[in-house]
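A.B. asks: To start, I am sharing the structure in question, which I have written as structure tokens.
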Amino acid sequence: MAKASLLILKVLLTILFSVWLSLWLLKPTRTWEKKWREAEEKAMKTVFNYNGLSFAVYTFPFLALAMVGFIYLELKLRTNQMRPERKLISALSNPIVVNRYLGILTGTEILLVFLFVTFLFWTFYAHISNDFKKMMPTKSLKLSMWQYKVLKVATRFGLLAEACLALLLLPILRGMAIFRILGVQFEVSVRYHIWLGTTMITFATLHGAGTFFTWGIKHHIQDEMWNWQPTGRIYLAGEIALAAGLAIWITSLPHIRRKHFEIFYYTHHLYVIFFTFFLFHAGDRHFYMVFPGIFLFVLDKFLRVIQSRPKTCILSARVFPCRAIELTLPKDPKLTYTPASIIFVKIPRISELQWHSFSITSSSSVDHHTMSVIIKSEGWWTNALYNLVSAKPDREADQRRCLPIAVEGPYGSASADFLRYDSLLLVAGGIGITPFLSILQEIASARSNGRLIHPKRVLLIYAVKKTQDVSLLNPVLAQLLNVEQNYLKLKVFVTREFGNQTVGEVLNEVSQVKTIDFDTSTSKYAAYGVENLLWMAAIVGLCSIIFLVLLICFNWSTHFYGEMPSGRVMTVPSSTTDLFLLCSFVIAIICSSLLAIVLRWKRARKELLSFSGTPIETTKPTGVGIDNTLVEHEIHFGGRPDFRVFCKFSNETEGSSVGVFVCGPESMKESVAFTCKLSSRAFRVDSQKRKLSVSFHSLNFTL
């Protein structure tokens, strides 16, 4: 029954996606333009009017796709209890292009980029060819033929920016992350948001520059640029939107984002101004094409704010020698998550606005009441947190003072992808070890319970600058010290120090950590995770219905009160229509959020874990009794890892598939991807005998 339901949902998803994609492909054609005008004329005679028709045709198909997708993911999550099957197209997920400037591109990404670029070419060609056939220069500007062509080309660049804008917000959805339907997680899909944003702002700049150039030739800049027209395109609104978009893009450049994160973070909130004035500039007819992404993003944003309330308290913190801390947080025992999931946290004592993402280092299969994250002191926010946690209290009573924290998430894959491989090769650099800590604990738990036969071998390559960074392995000391389970092997590379110690000696030296317990008597709540996906689908449907009802009310009131004695209908300024669309959306979001708040507090009162009465025990490994030999593990000083170890590891492995997971600096990811690419080619000859395959996965972390 479950398989049949999943199959039906897959077919429905395919149909909805095909409909939505067909709309974008047909929209530039003259045939669609003619049919659409006829449909608008018929809709104008009903309460739906043209804006109701636009919402139903351009916006709702994608919202329906999202709702069906959420139902599909929830059903898949409930029924997917066995090891995921190997994908026949797994080769497409391997690196094809490894470049310093382009980064790491897989076969799937190259294919999707090619299709999207082809779509942009088609959209531009279809529109510009129709424009050149008409050849009706603007009389008010008295343009020559070439000037008219420049203006039309600039106008069509704006449509290309609109196409990019329609997809811009989809990769950064969290609770409503529809990319999970394709198996793409939030931390990976962020790069697509960057690509789309750069492409969008490029086309938008060309659109604005071409328009200003045409005005400048005819000396109309002063007349046009400050013009707020009652109908049609509002040029001033477009200029404000472009300025806001450029500010967001400039502060998102890697150099600024890494060294001045606060500037990047706060400037990004200009998206409110950008989308508002884009609506006034492009008009509601164009806005409905990009509305699905905005609709889901704003709704997702409100639901995430609700989810992060009320705040909880940190149970305990462990301070590592490498200026890193591990925070242990309470969670609902019913909350489960896959390894390598991430959470977003906010510490009000540091900042009431800033949220930062971190990989969960614990496993929900092991720790039922708690979850942990490791945070290394690298920037202003993390330094403030480290100083706040590790500072000595002025009075003894302050030692256990509650430290409030808001938690959002966890967000992760619906299934553990690493379980489908016979062998795992984990490559980590510095704080990039954090997602692998949860993976190793999950594997150890499953093997001890007899629930897991794969992976049979795990090789962990860990590169650090100094020996004190090895202390981050403390959460998996139990797995490293268990000599009976010889499936796990560790190779440590200390790049900036020299020595001759063994792994055991280094672990003994750096594994002593300081534990700080906090008073949690003032807090009654624990993290419970994101809402049920079926609940998400219902909220999207409810918000859509409320918005459509408000549109119908607006159309009815406009027709009833706007009819003049002569029988003609008063023309409503386009900015008024746009403003009502905006107000209708805000009201729909508020109504849906109120329902979410009621359900949230109802669940908080009945289901959330209360830990104020009974303390939660947190068991953490210590460095006592570490065997100095640990001959199964290796440590190397004064050099970086030689990733040609892939070849040796593949020969040693007993299985037919090797999963390569890497998390660390971009240079490390590129090196591993390049080696994996070469290894895959070298293994093709051997694969005819042993059916050997190598799959590459890149994980992200937040500094």
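The backbone N, Cα and C atoms fix where each Cβ goes, glycine too.
Heads up, here are the entries from TrEMBL:
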- 7-26: transmembrane segment (TRANSMEM)
- 55-73: transmembrane segment (TRANSMEM)
- 110-128: transmembrane segment (TRANSMEM)
- 153-173: transmembrane segment (TRANSMEM)
- 194-214: transmembrane segment (TRANSMEM)
- 234-251: transmembrane segment (TRANSMEM)
- 263-280: transmembrane segment (TRANSMEM)
- 298-417: domain 'FAD-binding FR-type' (DOMAIN)
- 533-559: transmembrane segment (TRANSMEM)
- 579-599: transmembrane segment (TRANSMEM)
A.B. asks: Within the same chain, where does the transmembrane segment (153-173) have neighbours whose Cβ lies under 8 angstroms from its own Cβ atoms, ignoring anything closer than 6 residues to its ends? I mean 6 or more beyond.
C.D. replies: 24, 119-120, 123-124, 127-128, 131, 179, 186, 189-193, 196-197, 199-201, 203-204, 206-211, 213-214, 278, 282, 286, 289-290, 292-294, 296-297, 300
A.B. asks: Per DSSP, what is the residue count of the domain 'FAD-binding FR-type' (298-417) in each of helix, strand and coil?
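C.D. replies: In the domain 'FAD-binding FR-type' (298-417), the DSSP-based counts are 27 helix, 40 strand, 53 coil.
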A.B. asks: Same-chain Cβ contacts of the transmembrane segment (234-251) under 8 Å, 6 or more residues past its ends?
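C.D. replies: Distant Cβ neighbours of the transmembrane segment (234-251) are 197-198, 200-201, 204-205, 208, 211, 224-228, 257, 260, 263-264, 267-268, 270-271, 273-275, 277-278, 280-282, 574-575.
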